Amino acid sequence: MDFIYDIFKNWATRGYLPSIFEHTFMIRGLLAALIIGPLLGAIGTVVVTKKLSFFTQTIGNAAMSGVAIGLLLGEPVDGTYAGLYGFCLIVALLMTFVKNRTRLANDTIIGVVLAQVLGLGIILMIVVTSQFNIHQVEGILFGSLITLNDQDLIALTIASVVVGVLFAFNFNQFMLASFNRTLAKARGLSPVFLEYLFVTLMTIVVVSSLKLIGALLVLVLIVVPAAGAQLVAPNLRWFVWLSVIFSTISTASGLLLSGLLPVPSGAVIALVSSALFYGALVFRPLLSRSGPNQGEI
Amino acid sequence: MSSTEEHNLLEIDNLSVSLRGNRILEDINLRVKKGHIHALTGPNGAGKTTLMRSVMGGMPHKGTIRFLFRESTRIGYVPQFLEFDHSVPITVFDFLFLMLKKMPVFLARRRTVRAEVEELLTATDCAHLIDRSVGQLSGGEFRRVLLAQALSPKPELLLLDEPASNIDEVGIRHFEEMLINLRDEHGITILMVCHSMNMISRVCDAVTAVNRTIFYDGPAKGLNHADLLQQYTFL
């Protein structure tokens, strides 16, 4: 990893990059942003189509409990991976299971589970803050480049490659099952299996991005770029690529600004992402002539 | 196999379906002949869609359903109503691409697939809709696009769920011509749920009226509408 950091530091010294990239944590943050940003943008298109936006928020909130469970299970303070990924996956799969076994509406199930994970999270936080450094938990909640370490970057890279390949390979099926389950079934697909698979992939990406963006704001980066792209895209191809572009710009420029200003990276990424959304809203008559979202403002 | 059976494409024997303790279908015996347009009719809640789903393999049932064609051959299906989010930017091309190809739609070279999609849409007389957003299509236009997707890969048996609903008279006539063309030119057998007696008498070869059990099964020509309606009322 030091070899890569040295290249960036060299560029920063020569003036090719802003001087803040002389700091290792900023280089690490930029690499994480460039890896996870495009993937969040692409996955966001299916999240928006499946109306799973607040499902993502619930997973983010479950992360608070996940970190606490990891600490209580004896994981190192800067690497609570089993607690974090394990608990968030259990919550995500539980919500999908309840959804497929009942006729409850999506938002009702999310409301029920959100209340549970928040309640559990608060109790566990009180237990662990008396024993551990609270800084790691803050990093998960709001996003913190300082707590992002080499291990996190490696985990994020591996997760992104695996999820990216599986997501791309199954994209058409995910989209068809999201568009209409009956038709997907008639075409020989299993919408239930596809839903479990997508939710698993989405949870891995969301959890991997928590230290960069924060549990409270991860919803923004998975939903807002896709929503902006939805406004102006004339077809599915542009929907995905615009969402990827918006998400990458948001993560990279948000990270850069957070290095210049004394604010958490997640907050700036959220604001840049929102600015792009409103930009798309204002310029959509110029950008799209035949898209489906041409209502009057 | 008798000569009569040789001409059957679908044979259903003693089929019954129960949902949560309620008997939806009982003792259904049905033969659909190859090259026929066969209508399933009956009052609302009679079990027509359940029968269709059983044929598609998506409904637990008692009794036997036999297809007298190669197992690898697909059954095409055109749903009655497709509920979807109209704000999703998906064109007719994208919609068909999702079903025809494994390569992700955002990575594929569209030109190579476009001719294939156009050919499919031409079969249902809607090639001009290829770049239109699916959310902007009229009921009749969308029904033709749905019919196009059901034709690839070419099915031996095509199932249609109330193809005439939410379409104006001109659209219905247009749709009927396409069904006749699919039967006569492409040799596709069609089983469709239909409430329109006019449509049944114009395009169908056979009709089966269902209300939990079968109360009419015979040729569509010469079908007495008044008698059928009376049975709807008394059953």
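Every residue, even glycine, has its Cβ placed from backbone N, Cα and C.
Positions annotated as transmembrane segment by TrEMBL: A:25-47 (among others).
Sequence-distant neighbours of the transmembrane segment (A:54-73) (same chain, 6+ residues past either end, Cβ-Cβ under 8 Å): 47, 80-88, 91-92, 95, 106-107, 110, 113-114, 117-118, 120-121, 124-125, 127-128, 131-132, 136-137, 140-141, 199, 202-203, 206-207, 210, 214-219, 222-223. Sequence annotations record features per position, and here TrEMBL assigns transmembrane segment to A:54-73 (among others).
Annotation comment: TrEMBL describes A:79-98 (among others) as transmembrane segment. Sequence-remote contacts of a segment are chain residues at least 6 beyond its ends whose Cβ falls under 8 Å from one of its Cβ atoms, and for the transmembrane segment (A:79-98) they are 55, 58-59, 62-63, 65-73, 104, 109-110, 112-113, 117, 136, 140, 149, 151-152, 155, 195-196, 199-200, 202-204, 206-207, 210.
Annotated transmembrane segment per TrEMBL: A:110-134 (among others), in sequence order.
Residues or ranges marked as transmembrane segment by TrEMBL: A:154-176 (among others). Beyond the transmembrane segment (A:154-176), the same-chain residues lying 6 or more positions past its ends with a Cβ under 8 Å from any Cβ of the stretch are 32, 35-36, 39, 42-43, 45-46, 49, 81, 183-184, 187, 189, 194, 197-198, 201, 204-205, 208-209, 212, 236, 240.
Positions annotated as transmembrane segment by TrEMBL: A:188-207 (among others).
The transmembrane segment annotation in TrEMBL covers A:213-232 (among others).
Residues or ranges marked as transmembrane segment in TrEMBL: A:239-261 (among others). Non-local neighbours of the transmembrane segment (A:239-261) in the same chain are 18, 20-21, 23, 26, 29-30, 33-34, 36-38, 40-42, 44-45, 145, 171, 212-213, 221, 224-226, 228-230, 232-233, 267-273, 276-277, 280; each lies 6+ residues outside the stretch with a CB under 8 Å from one of its CB atoms.
Residues of the same chain lying 6 or more positions beyond the ends of the transmembrane segment (A:267-287) and with a Cβ under 8 Å from any Cβ of it are 33, 142-143, 212-214, 217, 220-221, 224-225, 227-229, 231-232, 246-247, 249-251, 253-255, 257-258, 261, 293-294, 297. Taken from TrEMBL, the feature transmembrane segment applies to A:267-287 (among others).
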